[in-house]
Amino acid sequence: MIDLRSDTVTRPSEAMRDAARDASVGDDVYGEDPSVNELQTRAAEVLGTEAALFVPSGTMGNQVAARTHTERGQELLCERESHIYKWELAGLAQHAALQPRTLDGGERGVVTPAQVRDGCVEASDHRPGTGLLSLENTHNSKGGTAHSPDDVAAAAEAAHDLGIPVHLDGARLFNAATAHDVAASAFVDHVDSVMCCLSKGLGAPVGSILAGSLSFVDAARRNRKLLGGGMRQAGMIAAPGLRALENRHRLGADHRRAARLADGIDQVDGLTVTPPETNVVLVETDRPAEAFLDDCESEGLLGVPFDDHVVRFCTHWDVDDGDVDRAIDAVARAT
Ligand SMILES: *Cc1c(COP(=O)(O)O)cnc(C)c1O
């Protein structure tokens, strides 16, 4: 079976398992796990922030960020298809008592400075005030679109001009950096916090990073604890995470394979493909997505439904060029 449901389905390599087994560990709730500390120091370096915090998942990273930047009852401004709003069980309401206000970022999910200015609400006797702007790059629901550093800077500047901090959901930030051939810091320099996943495309079995200023990370550590994310000998998972961070260079291969997959599928009658910007391929089908995916599965290929007639395929470390060719054949037989 060729599994293109997500770049999270990769199995830890021998190197990852070695890293876990050989990790030096301590109690991270006391700040004494050397592997966690090394990962956090290196992540801050790579992202260009003062500090970084290891969190078990991207969802926890986003939720901790939202809670850390805001006060109860404020508004959080985000794109209407953003993960933090759409796919995190209304955590913004549950964990931070925030009211989301959404913006329509169009086909690619890019939020403009004018939209940010219009969407921000000033606190008054009747209005709660906007506590945070959350951006997403790459934008998952829009098909892994890679917004440019200038796009991120422009939206962030509009929020900052109004005194509002900015969080970047960069679950796949290194894919965006790869697509634009820049360092991740080219995006992070413009925002107040960033989350990125080590478990998506980089080969770590688990874990994400939340990064920002020293004072932000100190406050975030308390909120991580509050949400149950204080971990003990977490070096067992942080050591593979550190390796994952050094695998950023490999994401270009996923992007090339996504382009090849898209070209191949586009030749098949009844299917329309949006040219991928990163490792996500969205395919529009004449038939209902679920029925099409059932037939793909019978032909040895897995994807996920994204809309009634849209299916997502995602390239990752555990598929090679041959798998991509076989995936194209499977799609052709399924149609
Ligand atoms: C996957 C993802 C998350 C959440 O990460 P988990 O580790 O699955 O909790 C957040 N934001 C975006 C854009 C994602 O793609």
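Keep in mind that glycine also has a Cβ here, set from the backbone N, Cα and C atoms.
Per TrEMBL, the features are as follows:
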type	residues	note
COMPBIAS	1-21	compositional bias 'Basic and acidic residues'
DOMAIN	3-286	domain 'Aromatic amino acid beta-eliminating lyase/threonine aldolase'
MOD_RES	K200	N6-(pyridoxal phosphate)lysine
REGION	1-30	region 'Disordered'
REGION	121-149	region 'Disordered'
Counts by DSSP class (helix H/G/I, strand E/B, coil) across the region 'Disordered' (1-30): 12 helix, 2 strand, 16 coil
Model confidence over the domain 'Aromatic amino acid beta-eliminating lyase/threonine aldolase' (3-286) (mean pLDDT, whole number): 98
Spatial neighbours, same chain, of K200 (N6-(pyridoxal phosphate)lysine) - Cβ under 8 Å, 6+ residues apart: S6, D7, T8, G58, A171, R172
Within the region 'Disordered' (121-149), residues counted as helix, strand or coil by DSSP: 1 helix, 9 strand, 19 coil
